[in-house]
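Comments concern the structure below.
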Amino acid sequence: MHFHGIATQAVLASNITTGSGRHVSLSDVKWTLSSSALNSTVPASLPSQAHLDLLNAGVIDDPYYGLNEIDLQWIAQANWTYTSDPIPDLLEEYESTWLVFEGLDTFATVTFCGHNIASTNNQFRQYAFDVSSALKECTGGPVVRIDFASAPNTVDAIAADPKTPVWPVQLTAQLPNRWLMRKQQSDFGWDWGPAFAPCGPWKPAYVVQLEKTAPIHVLNTDLDIYRQGNINHLPPDQKQPWVVNASIDFIGRLPAEPRLLIEIKELETGDVLASQISDSVTLIGTSITGVTTLKDASPKLWWPSSLGAQNLYNVTITVFNKTEEVARITKRTGFRTIFLNQRNITATQLSQGIAPGANWHFEVNGKEFYAKGSNFIPPDTFWPRVTKQKMTRLLDAVVAGNQNMLRIWSSGAYLPDFIYDLADERGILLWSEFQFSDSMYPVDEDFLDNVAQEVVYNVRRVNHHPSLALWAGGNEIESLMLPLTREADPDNYPKYLAEYEKLYISLILPLVYENTRSISYSPSSTTEGYLSVNLSAPVPMTERYENDEPGAYYGDTDYYNYDTTVSFDYSIYPVGRFANEFGFHSMPSLQTWQQVADPEDLYFNSTTVVIHNRHYTSEGYGRIENSSRGMAEMTLGVERYYPIPDNPDSVANFSAWCLATQLFQADFYKSQIQFYRRGSGMPERQLGSLYWQLEDIWQGPTWAGIEYDGRWKVLHYVARDVYQPIIVSPFWNYTTGDLEIYVTADLWESAAGTVNLKWLNLSGEQIIDNAGTPTEIPFTVGAINTTKVYSTNIHDLNLPDTRASILTLSLSSQANLPNAAVKTSLTHENHFTPSFPKDLELVNPGLELSYDAHSGIFTVEAKSGVSLYTWLDYPAGLVGYFTENAFLLVPGQKKKVQFVVQDGPKDQDWEWQSEVTVRSLWDQKSSTFLYALRVATGRP
């Protein structure tokens, strides 16, 4: 985005490593943090960052609270030193001693035993330093000291160097010059998050001592599983046997004549699929590689969520020689092929009505599928406090939301293995990216060498995960930065284009191909695709760049439009092969605001609220003029389409406004998702919808569907609904009055069923003669396809009053889910009003809510009118979601809903169920909700 429970025998970690020697975790050693800006020393941790240690020491308050980001900017401007206590029991008689850092953020100087060991400048690399000689010269206990320089000050100094290149256009959020560092780019601010620019030893570190006999320690492993003969940009031959290529990166010395044993066991049963000594072993530098072909084995395939089972295997790689085992490592993996098809449309496809151009969709195990999902951003500014528990809740919500793919946006950070592990278990495909975003970047030799080390390490580290779906070069470089650069400096554009190709195509592409044959590569997140690939050429991929061919479609789309006058005009949505970004921002809930705002700041345009809104960004801290524009966009979206909250209680009114912005956001996304999914049966053959964005980095107005603490916004519930396997959708041209009803399915077989249509007035009474509309329509929809089941014009219907009418749509079908042997009953409900919600003559629905403690079921009933956007809300103090929410309810209908508790409550005696509330669109202007709000939020 740019600025404007598994089986008990499962291996839960990605790998288990054994080798010779000693391994001392530096997390078990005491640390201190100091700085001249602090004038004192505080206890510290590893892994950690300076902000977190200052918070734990009571030096600072919650960085996210109120205006603390402004007050705490001094931390980013200071240099910080982490110092360990003496490390016990390190012995000089070992063959060698190494300091290994899984991650240092970012500009660091490492000292050991008083000796300057190295300086680092890349947050995303693993570093291993031989400190053997320093240990032998140590006069006291071995101490590690890490000096971190201020990242903002460091890059500003680099920028001030006359030799540093300057580009005609660069996109800056709060802090400038982020493109000059290999550090999480959003640490300098983005339009959904703060600019804390943290520093520290953000990942684990340890000391390794290696013995004189067979001294080796495994640093990284590349496990590549693919079909024989596979090439990254070509479709795998599913008839070919599986190839397992295992490569180990190590420190130390291998003994003579090393060999590799590869053993594969099914995770659930422990059955051995294969156990083979590699036919050949290659030793290059400090990497040993072996390969084996499974000619007689047929592993169970791994499938994404809703497409089949997530079958997993443990692969154990053992390095040995004639006399002993040297090292053993176990990786959990799965057998699948994943391929990004960017090939030209074939004659067969043309004969099927698919428009000319090129494909842009994913295929898993040889089957094309519809990708449904969202974009993942860093879940916290401070990665060391991102826990497995939090990510488990988040990825469970992804699956519950009917999503099968997440795009891991750059530039945050490369995900830790445990998040890939969770995705492997749940069948969530992870489109992954290298950490470049919305900027041009240097291409000097030092920068490229630094990037090369980063790329190789991370590609190899995560390659064994079956959830890995793609490597993309960066975010919006081709689709945004190249056009902006050409517009700003057309005379020098060829130079900048060559720089783009040098980094993303000539450098990164070959590195990806050299380290994996199972994953496709795209130089940019949004692209028109390629014309040709020649791996022996200096620029091995020839990009298509901008396509001007009428009637042809190339590449994926990225769409943002903040002109709310056209938000629901689907004729202006982009028509393409795949939608990888689209969205609009909204406010989080009142409960979330209460985490970071004082009670007197709980109103729409308070300083705290506006400061926490980063759309649009302003360079520097505390500037709100651009932020106010983003607040105004949300306001206009509500005022144009929804009842305007007007509650005399200021906090109740604030809560209603927060919800109103979420209603607009959810409806806008719903409109687009339905449009893109319908495209699967249109000439564009559109096969992907990934909205912006899944979750929040902090508490503030953003594009997220899930708030910082895990609370679902309206968006996530609505997206879950329209991401169901088969849906019925209305498409209304509000200018002409034309109304079309479509059924869309992403199943792999055709499905048949019926759609029931019923016109009601807002009191819930059926309109005479169903307003001239049939009550039941049969349908058949093809595999991953759409079909129009009905069309009319609103002006031709017998509606007494378009402001008091609603069309309910109910679909039922019996169909085969992918890889399922028996048919499943599938249903979907939708509705349509021939007037926007603000113009409707709403009737008090008379909502009643009850709870059965025995069954754990909430029952909602509308007694006197149609309830639009029926919204169940739960109190602060726990995290979870309702099995249904934001639904339509008509009189006589009882909706039974359960609440899935993901975390809490801490007080086991708290009967939180009594504090669950329900409201609807009717309540947005009403004061009747005030009492329930007070109960839910603990207000007097």
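Glycine is no exception: its Cβ is also placed from the backbone N, Cα and C atoms.
Taken straight from Swiss-Prot:
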SIGNAL    1-21  signal peptide
CARBOHYD  ASN15  N-linked glycosylation site
CARBOHYD  ASN39  N-linked glycosylation site
CARBOHYD  ASN79  N-linked glycosylation site
CARBOHYD  ASN245  N-linked glycosylation site
CARBOHYD  ASN321  N-linked glycosylation site
CARBOHYD  ASN344  N-linked glycosylation site
ACT_SITE  GLU476  active site, proton donor
CARBOHYD  ASN534  N-linked glycosylation site
CARBOHYD  ASN605  N-linked glycosylation site
CARBOHYD  ASN626  N-linked glycosylation site
CARBOHYD  ASN653  N-linked glycosylation site
CARBOHYD  ASN733  N-linked glycosylation site
CARBOHYD  ASN785  N-linked glycosylation site
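Annotated features, which come from Swiss-Prot, shown on the structure.
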residue: ASN39; record: N-linked glycosylation site; Cβ contacts under 8 Å, 6 or more apart: none
residue: ASN245; record: N-linked glycosylation site; Cβ contacts under 8 Å, 6 or more apart: ASP222, LEU223, ASP224, ILE225, TYR226, THR289, GLY290, VAL291, ARG517
residue: ASN344; record: N-linked glycosylation site; Cβ contacts under 8 Å, 6 or more apart: GLY357, ALA358, ASN359
residue: ASN534; record: N-linked glycosylation site; Cβ contacts under 8 Å, 6 or more apart: PRO540, THR542
residue: ASN605; record: N-linked glycosylation site; Cβ contacts under 8 Å, 6 or more apart: SER628, MET631
residue: ASN653; record: N-linked glycosylation site; Cβ contacts under 8 Å, 6 or more apart: TYR603, PRO645, ASP646, ASN647
residue: ASN733; record: N-linked glycosylation site; Cβ contacts under 8 Å, 6 or more apart: SER571, LEU739
residue: ASN785; record: N-linked glycosylation site; Cβ contacts under 8 Å, 6 or more apart: SER680, GLY681, THR744, ALA745, SER750
Glycosylation sites listed as ASN79, ASN321, ASN626, least Cβ neighbours within 10 Å: ASN321
Inter-residue C-alpha distance, ASN321 (N-linked glycosylation site) and ASN79 (N-linked glycosylation site) (nearest angstrom): 48
For ASN785 (N-linked glycosylation site), the three-state class that DSSP assigns: strand
Secondary structure at ASN344 (N-linked glycosylation site), reduced by DSSP to three states: strand
Cβ atoms near the residue listed as 'active site, proton donor' (within 10 Å, other residues, all chains): 25
ASN39 (N-linked glycosylation site) in three-state DSSP notation: coil
Rounded to the nearest Å - Cα separation of ASN79 (N-linked glycosylation site) and ASN626 (N-linked glycosylation site): 31
Integer Cα-Cα distance in angstrom, ASN626 (N-linked glycosylation site) to the residue listed as 'active site, proton donor': 22
